[in-house]
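Summarising the annotation, TrEMBL assigns active site, proton acceptor to Glu80. Annotation source TrEMBL lists active site, proton donor at Lys179. Positions annotated as active site, nucleophile by TrEMBL: Cys212. Annotated domain 'CN hydrolase' per TrEMBL: 35-307, in sequence order. What TrEMBL lists as signal peptide is 1-22.
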Amino acid sequence: MLPSETLLHAAVFALTVLQALASDTFIAAVYEHSVILPDVTEEPVSPDDALALMNKNMDILEGAIKAAAQQGAHIIVTPEDGIYGWRFTREAIYPYLEDIPDPAVNWIPCTDPTRFAPAAVQERLSCMARNNSIYVVANIGDKKVCNSSDPSCPSDGRYQYNTAVVFDPEGKLVARYHKYHLFRGETQFNYPKEPEAVTFETPFGKFGIFTCFDILFREPAVVLVNELQVDTVLFPTAWMNVLPFLSAIEFHSAWAMGMGVNLLSANTHNIGFAMTGHGLFTPKGPAAYHYDSRTEEGHLLLAELSSHPHLSPTYPPAINWSLHATSVKKFPGGNDTFSAAVRRDIFTFIELRSKAGNCTVCQGDLCCYLMYQMSNKSEDEVYVLGAFDGLHGSLIKYHWQICTLLKCKSTDLNTCGQPVETAKTKFEMFSLSGTFGTNYVFPEVLYSGVQLAPGEFEVLRDGRLKSKHATLKPLLTATLFGRFYDKDLPHPLRNPQ
């Protein structure tokens, strides 16, 4: 790069920093990417073929990054698996991996590409950030050589990690995070030996980063927010939507509200795998979100967010999630309960047989209380109040406490808890609370068509999830989703193979 170009870039970068410092807000972007996938093969392709596939995806990502920068974005998050997809064996993914150094090395791949060669992907991402004066967050694969002196070293002599990287507006590598909680099927990757808590400072707040399944666990998610006090979490994900509680926009918005931080959620888009839903979520609800289960197109979102949301005068107050529920007597109806499965979790339910009323349902240490009034009860729709207090998961087991008002798939009570996307019944009001044993509770309200309800509900300081007025659309679920980290089973031993 010529000296004049270097000076020009330094001036642009300094101006960007000054603009960010002059405001208590920043503009963030997330991109939901319809990934070009490689052919399924158990044999590794050549490094040139691997790079050609990754360049096709990076061409699309570069277009989104340029568009975001032109609209004033300071940072953009791109999805997990966004550069090469996910259809790999351990051997087949190897040509797609690069050795990603510790950010402490102070490296700008765009201007010094041979320092840690080969690093074609890191070089291109770095140049995208540098050429557009924007922070770029991407998901790539890291490889680390190991040997027999390391008892955990895999037999092929290397660790392979699902890795999130961040490049600053100069193109410098400022963060590297190895995913700790691998979802089933990610056998191409290893777990790091210890969970990582990765943060970095920007002119517009303190940022933390983790990937997809990590959001459901104390380490790293809760550690970043409660112990390291980040303002904003960067969240590349490949989230497969699972109704009624774990669709992407539903849970990610609820998590940002429950944890009191910004969450920049960028999802992979593949409707065949039920992957869609991304957004810019805040402690007060979604600033922007998008859910598209019909087309195969990518989508760019931008929004202006508070740099330090916890300093805002409108920051939500602390909530005692069990205060109201532990102070009321049980509503009638506790003897009319039945059991049904939400996936593999057996909930205790009670049917809402009237258009209005109060009811209680309990399971384990959790009792859930509901006051409600329907506007236009549809005769072919059944709603229930449900409770679940127990371990969820197969290999990795973690504890949930859930209180939910939900629509059943049909009038057959055995379908209660099965996925459903549409409804016809609206509510004049609802108020939901529970005797939670945890302070980590995430409020969800989901409308027909898998749409959020920003500004239409509130959480009172005594733990009630309450509608502000009649629901504007038919209701799918209103849920208090609790994570009881203290009851989680010990993490299973991780096999590096």
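Keep in mind that glycine also has a Cβ here, set from the backbone N, Cα and C atoms.
Unlike curated entries, TrEMBL annotations are predicted automatically.
If you average pLDDT over the domain 'CN hydrolase' (35-307) in this model, you get 97. If you take the Cα of the residue listed as 'active site, proton acceptor' and the Cα of Cys212 (active site, nucleophile), they are about 8 angstrom apart, rounded to a whole number.
The Cβ of the residue listed as 'active site, nucleophile' lies under 8 Å from the Cβ of Glu80, Lys179, Phe183, Phe235, Pro236, Thr237, Ala238, Trp239, each on the same chain and at least six residues away in sequence.
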